[in-house]
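One structure is given below, encoded as structure tokens.
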Ligand SMILES: CC(=O)N[C@H]1[C@@H](OP(=O)(O)OP(=O)(O)OC[C@H]2O[C@@H](n3ccc(=O)[nH]c3=O)[C@H](O)[C@@H]2O)O[C@H](CO)[C@@H](O)[C@@H]1O
């Protein structure tokens, strides 16, 4: 039996989901250990694909100081002993972590129980927990690091199914990541008129918080747009678009590659160690994406830039950067080494 751990945000959780689905296809059910804060419960509380789900108390340590940091560490250590007992109860043979503070108790628990720990790092800059645990891991998976055990990024097969070579700019999708992004939302509203006047259709993922106000804006301005707070079928949405204006969260970025959808990335400037910038940089350096910092953007100049991109070339080359079997390769590797 395998335990999957980690989460906090959609970018981590989607990897946990991909690995769970791959295990399910082979008739294996994993247990999930996440946190009682963040998005873990929303994603997995009712997911029948897991044998059992546990949402433990765990809090971020990185941005805390003094007594708060100590309290967070104590909570994690206490929960790691709970995990040790859970591993015994479920006869766990291996632990797969997608990182984030929510992965801390079970990862530590794996070391306490002398179980092999497998880590997937999503971002171009390693997270703090992953850096700390990498030397103790049995294998480390990262799409940016050639010294990693595997460089496959586990994107759901549905994205590959909808892969399409883009040639003309007819529809733009705005993406704010799993929680939506105020800056992307504001930019979309500023660009809406120009896009509409140029017969470019608009799709806009807003996140929950700003959905109603944004929907109202398009209605008032009489600009037709496909506006949604969160979709459970992102692959289908991406299929319809010819260009994305997006945050550069890792999972979104690799899903765009899988669907061959070119993008302008505007990294979230406060992400740990500015990792969203470095995620996008890996594509920009190859000439396969635009990358702009959010304080440098003028929406009129921006549209002119996008209009003259060679979408066909970008789209074609993007799809060569990712393999369809990312989850399979990771699960094969884990199962080969463990008697699960
Ligand atoms: C603010 C922050 O720190 N964000 C981090 C977080 O981003 P975030 O949680 O936004 O993650 P990503 O952009 O990597 O992925 C979002 C995931 O949610 C899915 N989705 C999104 C919207 C929607 O309507 N429906 C839907 O299913 C996407 O298809 C994707 O699979 O985790 C990523 C992966 O570690 C990091 O790179 C990001 O820097």
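Keep in mind that glycine also has a Cβ here, set from the backbone N, Cα and C atoms.
Record check, TrEMBL: UDP-N-acetyl-alpha-D-glucosamine site residues include 9, 10, 11, 123, 178, and the candidate from 236, 276, 293 also listed there is 276. DSSP assigns residue 10 (UDP-N-acetyl-alpha-D-glucosamine binding site) to a helix. Looking only at other Cβ atoms within 10 Å, the busiest spot among the binding-site residues 9, 123, 178, 276 turns out to be 276.
If you compare every pair of Cα atoms in 9, 10, 11, 123, 178, 276, the residues listed for UDP-N-acetyl-alpha-D-glucosamine, the longest distance is 15 angstrom. Remark: secondary structure over the domain 'Glycosyltransferase family 28 N-terminal' (2-139) totals 66 helix, 27 strand, 45 coil, with classes taken from DSSP.
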